[in-house]
Amino acid sequence: MSAAQPSPRTVESRGPLTGVVTVPGDKSISHRALMLSALAVGESRVTGLLEGEDVLATAAAMRAMGATIERSADGVWTVHGVGVGGLLQPAQALDMGNSGTSTRLLMGLVASHPITATFTGDASLSRRPMARVIEPLSRMGADVTASPGGTLPLMLRGLCPAVPIEYHLPVASAQVKSAVLLAGLNAPGITRVIEPVPTRDHSERMLAGFGAALSVEETPDGRVISIAGEAELRPQDIVVPGDPSSGAFWIVAASIVPGSDLLIRNVGLNPTRTGLIAAMRLMGADIVEQDARVVGGEPVADLRVRHAPLSAIEVPPELAPSMIDEYPALFVAAAFASGKTVARGAHELRVKESDRIAAMAAALGANGVSTQEFEDGLAIQGTGGEPIPGSGHVATRLDHRIAMSMAVAGLHARRPVLLDDAGPVATSYPAFFPTLDGLLGREPQ
Ligand code: S3P
C-alpha cells in the first residue's frame, strides 16, 4: 500500500448507460466480517467479501495479530480465529493505507488486549482525526501516543483487563461506536454506547450474529447499545451483501445520463444506509426496487434506475448519517437538477478521506458548475438536465469517492472531465472503470 504513481484518467460523455451491474461487497460489512471471524474460535467462511485495498489492509492486520486468513480460488475467504482475548502482538507497524474504518475499529480491538500496536497510513489517513477514538479508548485504559493533532502515526498500548465504560457518542460516528463496542468485547462487564442519532448498525447486527450478548434499547436519549465482555464468538458463514455506497454511483449515473436504464443488482438496503436513495427520490429519480430479499442478515434488492428529470431540493439534514458517504455523488446529481440544491448539516464531510465539501466545490467549479460552500455543506446550481461544461481538472485528493463521483459527472459533460488520479478507486471499488466501460458498451481500456 505504498503511494503509487498517480494514474490520470479522462471521462467523457459516451451515451446512455444500459444493462445490468452487480455491486461489490459492502466495505463496512467486509471489515467487520474479517475482524469478528478473526476473534471467533474456529473456522469462518466469508463469501462476497469486498476485495478492495481498505479491506485487504484489515485482512493483513488481523493476520499480523495471529489470525489465519486465506482466499480460495472460488473467491471464498476462510478465517481461523484466535478467540476474544487471543490477539497477538504484531511484529511490525500496521499499515492502514487509506482506511479510517480499519484504523478506528482495530484501535478498539487492540485497546482491550495486552498488546501494543503502531498504526500508520497514507497522507490522507494521516490527516484524519483519531482523538474521537483515543478519548473513549483511553477511558477504558488504553495508552495512546499519537502524532500532533491526534493523528497517525500513533502507538496504542492495550490494557487487559480493560475498564468497561458507558459512552455517549459526541459525534454521529459508526466507527467510534464500533471501536468502543469492539474494545468492550474483551472487557469484563458491560460496555455501553449511547448514540443520540442512529448510525450504521452493522457492528451490532454482526456481533449479535457471532453470539455476543448485545442488546439495543431505544430511549429518549437515543439508542443504548450494551455488550457483555469476555464474550466467546462462534464462527459463522457470512454472505456479504452489495455496498449501497458503491451502488450510489450507478444510481446517480443512470439518473443524469439521458436514455439510461440500468438494473443494479445486490444493493444493500439497511435503513441506516439508504439516505441517498431517499434524497434522489425527493429529487424525482426513477428508482424501482425489485426482488427484495435478505442477504447475510441485511435487506437487499435489485434497483432498476432510469433517467429522469431531477429537481433541486433542500437535503434533509436528518438524512446525513444514512448517506454520509454519498454526498459527493448527490452533489453530482444536484449539478444536473433544475434549481439550486442546498445540503447543510453535513460537517463530518470535512474529515473524510478528503475535505469533501472543499474537494467537490473545487471539482464541480473547475467543470463549470456554480457552487456555494458552507462550513457544513454545499449549495449547487443545477443545469436543469443539460450537460455540464466539463474540461476541468479534478484533484481527487486520495479520495475514492471524489474520483468516482466526478467520473460520473463526466458522463454528461460537453467536454471531458480530467481526473488527476483515478488510483484511489481501488480502495473500495477496484472494478469501477471496467464496469463503467461495460455499461457504455465498450471494451475496458
Ligand atoms: C463507516 C462509518 C462512517 C463511514 C465510513 C465507514 C463504518 O464513518 O463514513 O465510510 O464502516 O463504520 P464515521 O463513523 O466516521 O461516520
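A Cβ is built for glycine as well, from the same backbone N, Cα and C atoms used for every other residue.
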Can you tell which of R63, R223, R401 TrEMBL lists as binding phosphoenolpyruvate with K27, G100, R128, Q175, R356?
-> R401
Cβ neighbour count within 10 Å of R401 (phosphoenolpyruvate binding site) | 28
Give the maximum pairwise CA distance in Å, whole number, for the residues K27, S28, R32, S173, Q175, D325, K352 listed as binding 3-phosphoshikimate.
-> 19
List the binding-site residues R128, S173, Q175 whose Cβ sits under 6 Å from any atom of ligand 1, in sequence order.
-> S173, Q175
Candidates S28, R32, D325, K352 (binding-site residues); nearest Cα to G100 (phosphoenolpyruvate binding site) turns out to be K352
For K352 (3-phosphoshikimate binding site), which residues in the same chain are close in space, meaning a Cβ under 8 Å from its Cβ, but six or more apart along the sequence?
-> G100, R128, I324, D325, D399, R401
Near Q175 (phosphoenolpyruvate binding site), how many other Cβ atoms are within 10 Å of its Cβ?
-> 23
